[in-house]
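As structure tokens, the structure follows; a few thoughts come after it.
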Amino acid sequence: MEVTKTVCAEQCDGRCFGPYVSDCCHRECAGGCSGPKDTDCFWHSSDKLIGNLAFRLISPLYRPLAGVDGRGASSGGDIAAACTNFNDSGACVTQCPQPFVYNPTSFQLEHNPRAKYTYGAFCVKKCPHNFVVDHSSCVRACPSNKMEDGNNVFLPAPHTGPWPPSIGQSLDHVVTTRGRVCDGIGTGSLQTAQTVDASNIDKFVNCTKINGNLIFLITGIKGDMYHGIGPLDPERLNVFRTVKEITGFLNIQSWPENMTDLGVFSNLATIGGRSLYSGSGISLLILKQRWISSLQFQALDEISAGNVYIFNNSRLCFYNTVNWTSLFRTPSQKVLIRNNREPKECSEYR
């Protein structure tokens, strides 16, 4: 990497590629440039993923960045322009091409064939498959006053109470023709919740889709004396038998001792991975469960994003019979399974 220092003309706003007024960088360049155009901004890249995108400081050469065209996250080594606002196919722009443009001749808004969606700091033609569209942006979760239409697009949500809801009021669920959509842990009406527990389990009755995450911690299963929450009756976990989709992640770090499988999720078909566990890139976590002997994920057919992490479950069998990679949507997803029961010890229980 070559580092240089140039005193810019005062009109240049501190970024230039030469000493003259004509040598100013485009105003949308955030890290210097090799010319005056919005496509001349210096490029950056790194081996670390930042928001599913990779950056490392290099010369101003362009290679399309994987993971910004709706196909998933980048693997290291890809590059991107350092833009003040957004990167539109290598050009730094103030905003992404909008879905409608004004026609001054007809005095009407018309569809823009060049329209793109905002995805992080990038303009993309299509949102990643596990994200949803809100206006012209790719977002992880449904706003409180909207619902998904089934095609990963948000529409105003039906509401059984006064409409519109008061400012700041959350819709804890919406009912659609496809079933009941409910807030997950840390989302909407459960924004402050840290685990499924006896105080919130009833919010999941008849839910078919969880907008967010499901988290099971010891304070939820055994109870939380500090907050006055008692132990969770294992029978009440059967409310999850209606759940077909979790848009975020499933985190199981505690489970009732008298339940030897995860059969309450036998109808779960999709784990979306729009949000991943604790920045670790995990969408399915099953950790240190002494009593679980089988998973019973009978309907699971897609883990849209994120990794599978199944560790230290001393009695867990048949995890090796699942073709985990067939459930994945991107090649960067991984399976990390260790320290469970040896498969040869499980054969006698088939």
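Placement of Cβ uses the backbone N, Cα and C atoms for every residue, glycine included.
All annotation found in TrEMBL is predicted automatically rather than curated by experts.
According to TrEMBL, the features are:
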DOMAIN    6-42  domain 'Furin-like cysteine-rich'
DOMAIN    81-152  domain 'Furin-like cysteine-rich'
DOMAIN    206-327  domain 'Receptor L-domain'
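Assigned with DSSP, the residues of the domain 'Receptor L-domain' (206-327) fall into helix, strand and coil as follows: 26 helix, 34 strand, 62 coil. Taking the domain 'Furin-like cysteine-rich' (6-42) as a whole, pLDDT averages 90 in the prediction.
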